[in-house]
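*Asks:* Before anything else, here's the structure in question.
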């Protein structure tokens, strides 16, 4: 199914929910504030593989923000992108980012949108891969300890 157009941060939550078989709200509550890198900001050494997923996702966003693909550094957080979430909630769940042909021909930020989708897809897949090692003790972690 094609997902509704929401801002990329929200779309990331929907992707996570699909691959982790949880609601977008549950995914946000589980991962926002996890470890040293999940949520706003990040510093120090990642605490585990899940935290490393967040660090890698942050780094991916930084690369896109600092490129000439987006009109401003904030656009990475506000742009919408096209993707399909398939077989959500099953072991075959997958995210497919749409190619350039899915965007209007006169849309100026197709490259930015596609890059942001790729970042969010990779982050969601990383969370799915390391969900078995998710540590409840790292939720709402004090980033000053990082």
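Backbone N, Cα and C define each Cβ position, glycine as well.
Found this in TrEMBL, in case it helps:
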type: ACT_SITE; residues: 57; note: active site
type: ACT_SITE; residues: 120; note: active site
type: BINDING; residues: 37, 39, 41, 58; note: Ca(2+) binding site
type: DISULFID; residues: 38-54; note: disulfide bond
type: DISULFID; residues: 53-126; note: disulfide bond
type: DISULFID; residues: 60-119; note: disulfide bond
type: DISULFID; residues: 70-112; note: disulfide bond
type: DISULFID; residues: 97-117; note: disulfide bond
type: DOMAIN; residues: 8-146; note: domain 'Phospholipase A2-like central'
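Show me how these features fit into the structure around them.
*Replies:* The Cβ of residue 57 (active site) has 22 other Cβ atoms within 10 Å, all protein chains considered.
Mapped onto three states, the DSSP output places residue 120 (active site) in helix.
Under DSSP, residue 58 (Ca(2+) binding site) is assigned to a helix (H, G or I) in the three-state scheme.
Within its own chain, residue 54 (disulfide bond) has 31, 34, 35, 37, 38, 39, 42, 46, 123 as residues 6 or more apart in sequence whose C-beta sits under 8 angstroms from its own.
Secondary structure from DSSP puts residue 126 (disulfide bond) in a helix.
Within 10 Å of the C-beta of residue 119 (disulfide bond) we count 24 further C-beta atoms, all protein chains included.
In the three-state DSSP reading, residue 112 (disulfide bond) counts as helix.
According to its DSSP assignment, residue 97 (disulfide bond) is in a strand. Cβ neighbour count for residue 97 (disulfide bond) (all protein chains, 10 Å cutoff from its Cβ): 20.
DSSP labels the residues of the domain 'Phospholipase A2-like central' (8-146) in these numbers: 75 helix, 8 strand, 56 coil.
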*Asks:* What is the set of residues, excluding 37, 39, 41, 58, whose C-beta falls within 8 angstroms of the centroid of the C-beta atoms at the Ca(2+) site?
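*Replies:* Filtered neighbour residues, in order: 36, 38, 40, 42, 54, 55, 143.
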*Asks:* With the cut-off set at 10 Å between Cβ atoms, which of these binding-site residues ends up with the most neighbours? Options: 39, 41.
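*Replies:* Going through 39, 41 one by one, the largest Cβ count within 10 Å is at 39.
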*Asks:* Find the shortest Cα-Cα separation between residue 119 (disulfide bond) and the recorded positions 41, 57, 58, and name the residue that gives it.
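*Replies:* The smallest Cα gap between residue 119 (disulfide bond) and any of the recorded positions is with 57.
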*Asks:* Spatially speaking, which of the recorded positions 41, 60, 97, 117 is closest to residue 53 (disulfide bond)? Use C-alpha to C-alpha, please.
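*Replies:* Nearest by Cα distance to residue 53 (disulfide bond): 60.
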